[in-house]
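Features as listed in Swiss-Prot:
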- HIS134, ARG135, LYS150, LYS157, ARG158, GLU159: substrate binding site (BINDING)
- 1-14: compositional bias 'Low complexity' (COMPBIAS)
- 1-23: region 'Disordered' (REGION)
Amino acid sequence: MATQPPQDQTSTTPSLPPHLDPTTYPRILTSATHNIHLELTYSTLNPTVALEHTSSPAAGANVLFLGTTRDTFEGRAVSQLSYTSYPPLALKSLMSIATRAVEKFDLKGVYIAHRLGVVPISEASIVVAVSAGHRGMAWKAAEEVLEEVKEKVEIWKREEFVDGGMEWRENRERDAEGRILSSTEGGK
(Lines of atoms letter the chains of each structure in order from A and count residues from 1; the text may use other names and numbers.)
(Lines give C-alpha, C1' and ligand atoms only; values in the text may rest on other atoms or scores of the structure.)
Protein backbone atom coordinates (compact mmCIF):
# COMPACT_ATOMS: atom_id res chain seq x y z
CA MET A 1 0.00 0.00 0.00
CA ALA A 2 1.46 3.37 -1.04
CA THR A 3 1.67 6.11 1.52
CA GLN A 4 0.47 9.57 0.74
CA PRO A 5 3.10 12.31 0.67
CA PRO A 6 2.83 14.85 3.48
CA GLN A 7 0.52 17.67 2.57
CA ASP A 8 1.88 21.15 2.22
CA GLN A 9 0.63 23.15 5.21
CA THR A 10 -0.22 26.16 3.02
CA SER A 11 -2.56 24.11 0.85
CA THR A 12 -4.72 23.18 3.85
CA THR A 13 -5.02 26.74 5.07
CA PRO A 14 -8.45 28.08 4.19
CA SER A 15 -8.28 30.95 1.75
CA LEU A 16 -9.66 34.34 2.64
CA PRO A 17 -12.91 35.43 1.03
CA PRO A 18 -12.06 37.79 -1.85
CA HIS A 19 -13.38 40.87 -0.02
CA LEU A 20 -10.84 40.28 2.79
CA ASP A 21 -7.87 39.26 0.62
CA PRO A 22 -5.44 42.19 0.21
CA THR A 23 -4.12 40.71 -3.04
CA THR A 24 -7.49 41.48 -4.69
CA TYR A 25 -7.04 45.23 -4.10
CA PRO A 26 -7.20 48.07 -4.89
CA ARG A 27 -10.89 48.04 -5.74
CA ILE A 28 -11.70 51.03 -7.93
CA LEU A 29 -14.94 52.47 -9.29
CA THR A 30 -15.00 55.50 -11.59
CA SER A 31 -17.42 57.68 -13.49
CA ALA A 32 -15.88 59.52 -16.43
CA THR A 33 -19.11 61.50 -16.89
CA HIS A 34 -18.78 63.11 -13.45
CA ASN A 35 -14.98 62.82 -13.02
CA ILE A 36 -15.39 60.57 -9.98
CA HIS A 37 -12.65 58.22 -8.74
CA LEU A 38 -13.35 55.90 -5.79
CA GLU A 39 -10.88 53.47 -4.26
CA LEU A 40 -10.61 50.95 -1.44
CA THR A 41 -7.01 49.89 -0.88
CA TYR A 42 -4.57 48.30 1.55
CA SER A 43 -1.82 50.62 0.27
CA THR A 44 -0.68 53.97 1.65
CA LEU A 45 -2.90 56.81 0.41
CA ASN A 46 -1.36 59.45 -1.85
CA PRO A 47 -2.92 62.94 -1.68
CA THR A 48 -1.06 64.05 -4.81
CA VAL A 49 -2.87 61.38 -6.82
CA ALA A 50 -6.19 62.59 -5.37
CA LEU A 51 -5.55 66.14 -6.57
CA GLU A 52 -4.42 64.89 -9.98
CA HIS A 53 -7.78 63.14 -10.38
CA THR A 54 -9.86 66.17 -9.39
CA SER A 55 -7.98 69.05 -11.00
CA SER A 56 -9.78 70.71 -13.88
CA PRO A 57 -9.31 73.89 -15.92
CA ALA A 58 -12.88 74.78 -14.87
CA ALA A 59 -12.03 74.53 -11.15
CA GLY A 60 -11.02 77.58 -9.17
CA ALA A 61 -10.83 75.59 -5.94
CA ASN A 62 -9.52 72.20 -4.88
CA VAL A 63 -10.12 70.98 -1.34
CA LEU A 64 -8.21 68.03 0.09
CA PHE A 65 -8.96 66.27 3.38
CA LEU A 66 -6.76 63.60 4.99
CA GLY A 67 -8.06 61.68 7.98
CA THR A 68 -5.15 60.29 10.01
CA THR A 69 -4.75 57.89 12.93
CA ARG A 70 -4.40 59.67 16.29
CA ASP A 71 -2.26 58.28 19.10
CA THR A 72 -5.01 58.49 21.75
CA PHE A 73 -8.75 57.95 22.01
CA GLU A 74 -10.65 59.03 25.13
CA GLY A 75 -7.42 59.01 27.15
CA ARG A 76 -6.27 55.56 25.98
CA ALA A 77 -3.06 55.16 23.99
CA VAL A 78 -3.81 53.83 20.50
CA SER A 79 -1.31 51.54 18.77
CA GLN A 80 -3.08 51.42 15.39
CA LEU A 81 -6.44 51.24 13.63
CA SER A 82 -7.69 48.45 11.39
CA TYR A 83 -10.45 48.83 8.82
CA THR A 84 -12.53 46.28 6.99
CA SER A 85 -15.25 46.59 4.38
CA TYR A 86 -17.55 44.77 2.00
CA PRO A 87 -16.39 46.44 -1.26
CA PRO A 88 -19.42 45.90 -3.54
CA LEU A 89 -21.69 47.72 -1.09
CA ALA A 90 -19.07 50.26 0.00
CA LEU A 91 -18.23 51.30 -3.57
CA LYS A 92 -21.93 51.56 -4.45
CA SER A 93 -22.50 53.81 -1.42
CA LEU A 94 -19.44 55.91 -2.26
CA MET A 95 -20.66 56.38 -5.85
CA SER A 96 -24.08 57.49 -4.64
CA ILE A 97 -22.51 60.04 -2.27
CA ALA A 98 -20.07 61.34 -4.90
CA THR A 99 -22.71 61.62 -7.64
CA ARG A 100 -25.09 63.54 -5.35
CA ALA A 101 -22.26 65.90 -4.39
CA VAL A 102 -21.36 66.56 -8.04
CA GLU A 103 -24.97 67.43 -8.79
CA LYS A 104 -25.60 69.47 -5.62
CA PHE A 105 -22.36 71.50 -5.63
CA ASP A 106 -21.58 71.53 -9.38
CA LEU A 107 -18.27 69.78 -8.69
CA LYS A 108 -15.68 69.31 -11.40
CA GLY A 109 -14.22 66.21 -9.74
CA VAL A 110 -14.48 63.95 -6.69
CA TYR A 111 -11.87 61.52 -5.36
CA ILE A 112 -12.47 59.33 -2.33
CA ALA A 113 -10.02 56.67 -1.19
CA HIS A 114 -10.27 54.67 2.01
CA ARG A 115 -7.51 52.51 3.35
CA LEU A 116 -8.28 49.04 4.68
CA GLY A 117 -6.28 46.79 6.96
CA VAL A 118 -3.83 48.21 9.49
CA VAL A 119 -3.33 51.98 9.53
CA PRO A 120 -0.46 53.01 11.86
CA ILE A 121 -0.36 56.22 13.93
CA SER A 122 -0.04 59.40 11.79
CA GLU A 123 -0.92 57.64 8.52
CA ALA A 124 -4.01 58.50 6.48
CA SER A 125 -7.04 56.23 6.49
CA ILE A 126 -9.15 58.38 4.18
CA VAL A 127 -8.57 61.01 1.53
CA VAL A 128 -11.35 63.15 0.08
CA ALA A 129 -10.61 65.62 -2.70
CA VAL A 130 -13.11 67.76 -4.56
CA SER A 131 -12.85 70.54 -7.11
CA ALA A 132 -15.38 73.25 -7.87
CA GLY A 133 -15.62 76.57 -9.61
CA HIS A 134 -15.35 78.46 -6.33
CA ARG A 135 -13.96 77.78 -2.84
CA GLY A 136 -17.26 78.06 -0.95
CA MET A 137 -18.83 75.18 -2.84
CA ALA A 138 -15.64 73.13 -2.64
CA TRP A 139 -15.36 73.54 1.17
CA LYS A 140 -19.02 72.68 1.74
CA ALA A 141 -18.88 69.72 -0.64
CA ALA A 142 -15.75 68.21 0.91
CA GLU A 143 -17.20 68.38 4.41
CA GLU A 144 -20.55 66.95 3.35
CA VAL A 145 -18.90 64.13 1.39
CA LEU A 146 -16.73 63.19 4.38
CA GLU A 147 -19.64 63.22 6.83
CA GLU A 148 -21.78 61.09 4.50
CA VAL A 149 -18.94 58.60 3.98
CA LYS A 150 -18.54 58.22 7.75
CA GLU A 151 -22.29 57.89 8.25
CA LYS A 152 -23.32 55.65 5.36
CA VAL A 153 -20.47 53.65 3.84
CA GLU A 154 -19.97 49.99 4.79
CA ILE A 155 -16.53 50.39 6.36
CA TRP A 156 -15.83 49.36 9.95
CA LYS A 157 -12.98 50.40 12.25
CA ARG A 158 -11.19 48.48 15.01
CA GLU A 159 -9.22 50.59 17.46
CA GLU A 160 -6.25 48.71 18.85
CA PHE A 161 -4.81 50.04 22.10
CA VAL A 162 -1.29 49.91 23.54
CA ASP A 163 -2.69 48.09 26.62
CA GLY A 164 -3.75 45.19 24.36
CA GLY A 165 -7.44 46.06 24.27
CA MET A 166 -9.40 46.61 21.09
CA GLU A 167 -12.86 47.84 20.15
CA TRP A 168 -14.85 47.69 16.92
CA ARG A 169 -16.55 50.97 16.13
CA GLU A 170 -18.83 52.40 13.51
CA ASN A 171 -17.15 55.16 11.56
CA ARG A 172 -19.97 57.52 12.53
CA GLU A 173 -20.00 57.70 16.33
CA ARG A 174 -18.87 61.34 16.61
CA ASP A 175 -19.60 64.58 14.82
CA ALA A 176 -17.04 66.78 13.06
CA GLU A 177 -16.01 68.36 16.39
CA GLY A 178 -15.51 64.99 18.10
CA ARG A 179 -18.73 65.05 20.14
CA ILE A 180 -20.37 61.67 20.73
CA LEU A 181 -23.57 61.22 18.74
CA SER A 182 -26.56 59.57 20.36
CA SER A 183 -28.06 56.62 18.53
CA THR A 184 -30.91 58.86 17.33
CA GLU A 185 -28.62 61.54 15.85
CA GLY A 186 -26.61 59.46 13.43
CA GLY A 187 -24.82 56.23 12.80
CA LYS A 188 -25.65 53.12 10.89
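Including glycine, each Cβ sits where the backbone N, Cα and C put it.
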Within a 10 Å radius around the Cβ, which one of these binding-site residues has the most neighbouring Cβ atoms: HIS134, ARG135, LYS150, LYS157, ARG158?
LYS150
Through the lens of DSSP with three states only, how would you label LYS150 (substrate binding site)?
helix
Which residues, sitting 6 or more apart from GLU159 (substrate binding site) on the same chain, put a CB under 8 Å from its CB?
PHE73, VAL78, LEU81, MET166, GLU167, ARG169
